[in-house]
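As recorded in Swiss-Prot:
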type    : residues                       : note
BINDING : Cys261, Cys264, Cys276, Cys279 : Zn(2+) binding site
DOMAIN  : 5-108                          : domain 'PINc'
MOD_RES : Ser192                         : phosphoserine
MOD_RES : Ser316                         : phosphoserine
MOD_RES : Ser343                         : phosphoserine
REGION  : 180-201                        : region 'Disordered'
Amino acid sequence: MAPVEHVVADAGAFLRDAPLQDIGKNIYTIREVVREIRDKATRRRLAVLPYQLRFKEPLPEYVRLVTEFSKKTGDYPSLSATDIQVLALTYQLEAEFVGVSHLKKEPEKAKVSSSIQHPETALHISGFHLPSKSKPLQEAVDRGHAADGPENLEFSSFMFWRTPLPNIDRELQELLIDGREEEEEEEECEDSDDDGGGWITPSNIKQIQQELEQCDTPEDVQVGCVTTDFAMQNVLLQMGLHVLAVNGMLVREARSYILRCHGCFKTTSDMNRVFCGHCGNKTLKKVSVTINDDGTLHMHFSRNPKVLNPRGLRYSLPTPKGGKYAINPHLTEDQRFPQLRLSQKARQKTDVFAPDYIAGVSPFAENDISSRSAILQVRDGMLGAGRRRLNPNASRKKFVKKR
């Protein structure tokens, strides 16, 4: 297995202690990945790495491109800001050393196409026998015994599609033959078990662990990403980038996602929607889908009962608040929200070369910390104003009501 020329490592590669020096020649990452690692054992390994770890920040245009692509695949809510930067760095290295002609600009969307295949008759109805095709009466007469008149025609044709009576002697011979074959198979299995084939024993456990820890890399790969995050792997595969596996954790195929309303059962491929476009309720759930050979859509539902658990959905709404910086719960799709702009003092920029510049008390830029927007940590529209999107993987504080 030849090592890859350029490898981008995620936090999962360091946490799993992946042998990156054997996987790639040049190892890249971003500083936010190292800051995410908190446990002592991993930080000690990072202090004495047997290879050079290169820190490189992705360009803004690649971050924007990966963000838009992840929104179309439906993995954007599952990705943090650090994950998007790692994906953007992989895309940037692929563009620098290989090119972007083979990469996809749009993911494969799942579309519902009607199938023209319909059963001719209803099947498996208890108490009724429905033949697949109606046979002509003349054919039934030719195959059966010769009938003297038209009166016996119905009974002669009936004998051909009814269930024949079982032959006891033939079934007994088949059971005896099957029993002998099963005994021979059991003896062969016992002989193979004695050899230890297929079992994990103390003698071959280290060899099996080495095979599982190997990174399965395709041939002629210049740039790859080592990550254990399935959402990141799905985005990489749909873009056409290479995913390097650690401990066998690799997405076998790229999945497409849709949003399905569990209130009216309507589906949509627009993954940015929060409310259902048909009934207007906040009842959309992400469902993975695959397209069959005949064009029909196959949805994969989760068996976990917590997916549709109604606990915590009924609660008292707070009193609506007014004002420029009011934050009210988002209840409807057409609900209007304030723009949440920065204060005028914070929006001012200090440009000493401007013709209208007047030197004040200090030539340095002023940092607004006393206004209402600064206290609420409001950012401008160009910097992600409104409802800021935080890290979905960060731990949330649980507020316990004191008695």
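A Cβ is built for glycine as well, from the same backbone N, Cα and C atoms used for every other residue.
There are 21 other Cβ atoms within 10 Å of the Cβ belonging to Cys261 (Zn(2+) binding site). In sequence order, Gly263, Phe265, Lys266, Gly277, His278, Gly280, Asn281, Thr283, Leu284 are the residues of the same chain, not among Cys261, Cys264, Cys276, Cys279, whose CB sits within 8 A of the CB centroid for the Zn(2+) site.
Between the C-alpha atoms of Cys279 (Zn(2+) binding site) and Ser316 (phosphoserine), the distance comes to 22 Å. According to its DSSP assignment, Cys261 (Zn(2+) binding site) is in a strand.
The residues of the domain 'PINc' (5-108), classed with DSSP into helix (H, G, I), strand (E, B) and coil, number 57 helix, 14 strand, 33 coil. When secondary structure is read from DSSP and collapsed to three states, Cys279 (Zn(2+) binding site) falls in the coil class. Reported as a whole number, the C-alpha separation between Cys264 (Zn(2+) binding site) and Ser316 (phosphoserine) equals 25 Å.
Ser316 (phosphoserine) falls outside any helix or strand according to DSSP and counts as coil. Of all the Cβ atoms in the protein chains shown, 22 others lie within 10 Å of the Cβ of Cys276 (Zn(2+) binding site). Between the alpha carbons (Cα) of Ser316 (phosphoserine) and Cys261 (Zn(2+) binding site) lies a span of roughly 24 Å.
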